[in-house]
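Some notes on the structure that comes next.
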Amino acid sequence: MYDVIVIGSGPAGYVAAIRASQLGLKTACVEKSFHNDSPQLGGTCLNIGCIPSKALLDSSHRYADALHQFSDHGIKVQNPTIDIPKMMDRKNKIVAQLTGGISSLFKANNVTQILGTATIMGANTVEVTYEGKTETLETLNIVIASGSSPIDIPVAKVNHKNIVDSTGALEFQAVPKTLGIIGAGIIGLELGSVWARLGSKVTILEALDDFLPMADSKISKEVLKEFNKQGLNINLGCKVNAAKSNKKNVTVNYENNGSEFELNFEKLIVAVGRKPNTENLFSKSSGLSVDERGFIPVNNFCETKVKNIWAIGDVVRGPMLAHKASEEGIMVVERIAGNQVEMEYAHVPSVIYTHPEVAWVGQNEKDLSDAGLEFKTGSFPFAASGRALATGESTGFVKVIADKKTDTILGVHAFGPSAADIVQQGVVAMEFKASAEDLGLTIFSHPTVSEALHEAAMAVNEKAIHIGNIKK
Ligand code: FAD
Ligand code: NAD
């Protein structure tokens, strides 16, 4: 009898399993993906998501720098070239190192790794099937962390050759001359950036008329301008009617503003969102069910409607992000161990790892206006940051939003160099319920790009030093 069986070894599941074991709970983690008869640990994030995409973003960024930026610094490099198989090999080695690392962590923490597909039969029973053999396991608690998979659309069926999903787009062995992408979401922008930097002519077809509607609206506008400048060619309000694979390319037919268009691409990436992995996950008798979009309904503590069955990560509501998944994992097993841990969902940061990065935490001006709340804002452009100028990265700005009366920070939004790390400082400040004044009175090292956060916080109360404090 286990105390906890975790289903899935992505950032939700593996973190939950390790923490559960640290808390003295007898824990097993079941994973269905395999390699050489062993579980392939790490889920989407480590194998086909966060890590490989960031490896390619970093390689392609260095190449683009060599092509376009080095000369500004007086560095001469003649005709830089990129070796795609070597770049892919580097990415694969990083993935192997990290996924192997989880296996070592499981061993060090006494987490039992079980290979197979788990099915929940009841509140205390999990069946695990591998190569036709089924084993029945008994447990006091079940944590579902089965993650998500790409959504496919009937008009552009993925064939894993020239019409691919995000996984295929991490594995091209040559730079496609022309690349179409359906969806200007996070994957479309990150993977579009990778291939555009390497030389692809990229066209993105987005259904919505709004670009990045979840971000601060001024940031979305600047980002759209900058990415079009970088060659992403983002088309909004497009209805894709068909994508047909031919021998040589993919022909895409779409409508935009009442007109019909046809484009041919060497490769097409379908990046229109992800869906939860809940198919065949539980038997009827388990008492579990899913909502109309396939997610497992849970409360703020990730409890399902069946006592002692919990669900975390991409398989439940909320943003599909690795850090949100991991924090839910920790909260759940702490609660199983009797500790009253809660998670502050309002402080989950979001980052788009393009160059420059886009990042935010908390509420934006539209959220607050829609809720009828009074707020004040302060912004600071990187064009006025000494360090940003010294680095040659002065696009974008930082915005701090605070409660009009209490001055408590309600949101931090950034587009520019190290935006992810700058917003992370905002997350820490918000976690400690800091005011804009608190952040303004905090000492920031000079010269750093983080000083833009300091100045934006000071600008909230018209105390910025390096820009005019014009009332917005
Ligand atoms: P997953 O990572 O999907 O793991 C679920 C695991 O459960 C899988 O290993 C699966 O095989 C296993 N499983 C499923 N069903 C069963 C079953 N019945 N029995 C046994 N095992 C089962 N997020 C970020 O925060 N930052 C990023 O930079 C980022 N980049 C991304 C880039 C890409 C290209 C993609 C696709 C995603 C990215 N994400 C990123 C999102 C992130 O990968 C997910 O939010 C995260 O992996 C979710 O973790 P999870 O543990 O809930 O699910
Ligand atoms: P997404 O939800 O971010 O974007 C999908 C986009 O496709 C949306 O803009 C949507 O309007 C558009 N779309 C949907 N149907 C369409 C259609 N038929 N035609 C044209 N456009 C259409 O989803 P994604 O980019 O696939 O990424 C999935 C999830 O993975 C993200 O929501 C995110 O949570 C996670 N992720 C995170 C990161 C990160 O944290 N940096 C990176 C990659 C992925």
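Along the chain as shown, residues are numbered 1 onward.
Heads up, the Cβ atoms here are built off N, Cα and C, so glycines get one too.
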Residue in GLU171, GLU206, GLU255, GLU260 which TrEMBL records at the NAD(+) site where GLY183, ALA184, GLY185, ILE186, ILE187, GLY188, LEU189, GLU190, GLY273 also bind: GLU206
Cβ-Cβ neighbours of CYS45 (disulfide bond) (radius 10 Å): 24
From GLY185, LEU189, MET320, LEU321, ALA322, the binding-site residues whose CA lies within 10 Å of that of CYS50 (disulfide bond): LEU321, ALA322
Recorded NAD(+) binding residues, GLY183, ALA184, GLY185, ILE186, ILE187, GLY188, LEU189, GLU190, GLU206, GLY273 - maximal Cα separation rounded to whole Å: 14
Least buried by Cβ count (within 10 Å) of the binding-site residues GLU206, ASP314: GLU206
Distance-selected recorded positions near ligand 2 (C-beta under 6 Å), from CYS45, LYS54, LEU189, GLU206, ALA322, HIS323: GLU206
Model confidence over the domain 'Pyridine nucleotide-disulphide oxidoreductase dimerisation' (348-457) (mean pLDDT, whole number): 98
